[in-house]
């Protein structure tokens, strides 16, 4: 095969787009046209469905798909390596574009997997309502109450002393319970719930203590008479107190009973249920003359109490011992955490990693066609390729294609208030509510009664007790719309605020590792930070949320779909199909011969799996195990003579297969320390011929794994990985880009509004009116992005065509916004009131926490009115967001004349031989380390030559970064 140095000089095309993805020789194009009824030489997903109808002599030729079993496996703690021998027979052509790895294994998504919001257990219960329960308390109740109040302030030593004093005192059991089931009578055998009339003498039937009375059965209508005998179940003092919301105890018998089984004398496990009898209080007994008779029986039991999907958001004391104060615990649902394989199985196969790449080698030559380059953008390139050939919003389950997304109403809040003109009422079940008892009377005598001298007497035709309510129906009001909107804001925005704005709930145990689910789940935030009155009437994203990854969210529809594909349980036996993405071999036509094909598959759960919270799945107990990895491959269904003709043509080096990487770029990551604002870059001197431009964005260090190692021990995150999947969201943090070549030529020039050697992205102060679209992006930058993405060099009423305006493009993701805020310099009455002292809806909401409402109804002191006759002085704030896309600066001979030209009309950068490059990026400071991700757009081409059976040779050409690295 000819080496690049022996080949004629390539003629470079300077293009601004990424459309030139594959080049075929004229001979191969002619052949493809002649045989287009048999197969299609398109992109990744060719469709080999038309089998030939003649010249087929063997059964094997009709078998389109074959399964290859690995000849060697290597299963380690961090990876699984599979090696295959591909035998391509005579008159066959194997289509590498159709190959996929068929993988079976077992996935443990860990105890932090929760594929829903809210709770599955008693979701309708109030958050602070206890179960029917019991606790012990000292006989001196006054002292006990005082102890409860002081409990929070005591340290451990005082608690131990207090405990000893309590042990010496007399303890009594207290009960807080409900007895919903009415019975006929109560005896020492319990509650009689019926009679067995089968025998001559009716035999009473008592509740079966193992499961009766059942908690779900009680009075079936609102006006049932008061029960003389009632029963219910109650949890013993030895069962830990938990709020009813979220509490669960597994059944221990087929009837649904939940009592803990205790072995009897013979070792047979039986439910341990004790009957507790209760009468009216003494004063009532004396008044009614009832002596002491049971009115209520409670069936007390211990159960296996669990809270599978909730946790405590408020706890009165540090201890877990049952007490009266513990009745006031508040429960809160665990945060949803979807866990699934990444979009297109990103991260599952090793790419871009030194020493861990795959192998495709002919067994006759053993030359590997896969060349190690640490900055191949294989995963990102594949994402952008798919976007260019199809609609990424349509999911394709076979390849796990469901693109990461976010709810735009969560990223940018359009707070237009709540439509709550009419009040919403709720009424008592009987409609009337509180009634008084009346006696019917009638007029006595024949007088008219107009003078008020009528006498009245009891009306014996009516009952003695008649229930009558006076006035309007009893009702309670709730603002449903405002509550729903407030809950949306808290669940979707407040809980995702940066951790520095959150705090630990009092007395609640919490992990000290901020990467764990336990820590993320239990931290709470004051609802007032994101309430329904914040930025009311504006379309604005919370400034705190702009730099938070919006794709790490339970409303990431793509991740939710991929999670549901696996099911809704923690343990999943999975069976998946994974395509090859490496550009040099994903579209290859493999000619007859025997080949070795080998690849590595990661087992690092943080890389392979994606979670909506981004917690450290390694620490939180997730794991993945591969049981088998097979390879499925498809042969072109061609007649033998057609296949042999194609083989003969492809063996000729003039018909080598050439493939361009879709992204065709060398990437570099430059660290940006926390709070830094300037990032300088230097590129050594080189010839810039064939250079297409720059694309850049910003990544968080925490969210970017080290691809050079198979297992990065410092990678403690499992959310979206912008570096690989294109979920960029920090584009708005760039201010300026300065570009300086070491020549006297200024680039860009001073055309239009462009400042020489500089691109200004946004302006906070815009005295000259350079900004555009009512935000702080400059007109220059808007123009450059429209040119780079759509070749639109002028404005007017012209927006890009839909086929150009794809998911990752600029125009679709550009979101300008503005709002007004109080001008604290002009408005002299302004007071900077801290959140601790702000009140709005006081008395109707919890104080600084998602807990029980407290306070009183009172005029609000926040926010200042920006409308109406009393509107205060205000200033306008402007900004924009532009997620998913890469900022692009084209560098091409047909992209505007952005520099001085020679007499021949040629830019000096092309005329001169080599230049060094200095770039300086000015960015907004962020309080954590980040990375500047720069793609140097080049021509990244591979030529594949198969001169003989079992021989495959490749030449990779990347100009002007020949070795694949921007520093070489």
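The backbone N, Cα and C atoms fix where each Cβ goes, and this holds for glycine too.
Not measured: the values here are computed from a predicted model.
Residue-level annotations in Swiss-Prot identify, among 182, 388, 718, 818, 182 as phosphoserine.
Record check of 121, 350, 632, 956 in Swiss-Prot: the feature phosphotyrosine is attached to 956. If you compare 283, 313, 511 in Swiss-Prot, the phosphoserine annotation sits on 283. Residue 793 (site 'Involved in interaction with pre-protein VI') falls within neither a helix nor a strand when secondary structure is assigned with DSSP, and so counts as coil. Across the fold, the C-alpha of residue 793 (site 'Involved in interaction with pre-protein VI') and the C-alpha of residue 182 (phosphoserine) stand 82 Å from each other.
Just so you know, the Cβ of residue 793 (site 'Involved in interaction with pre-protein VI') picks up 12 other Cβ atoms within 10 Å once every protein chain is counted.
Comparing residue 956 (phosphotyrosine) with residue 182 (phosphoserine), their Cα atoms are 84 Å apart once rounded.
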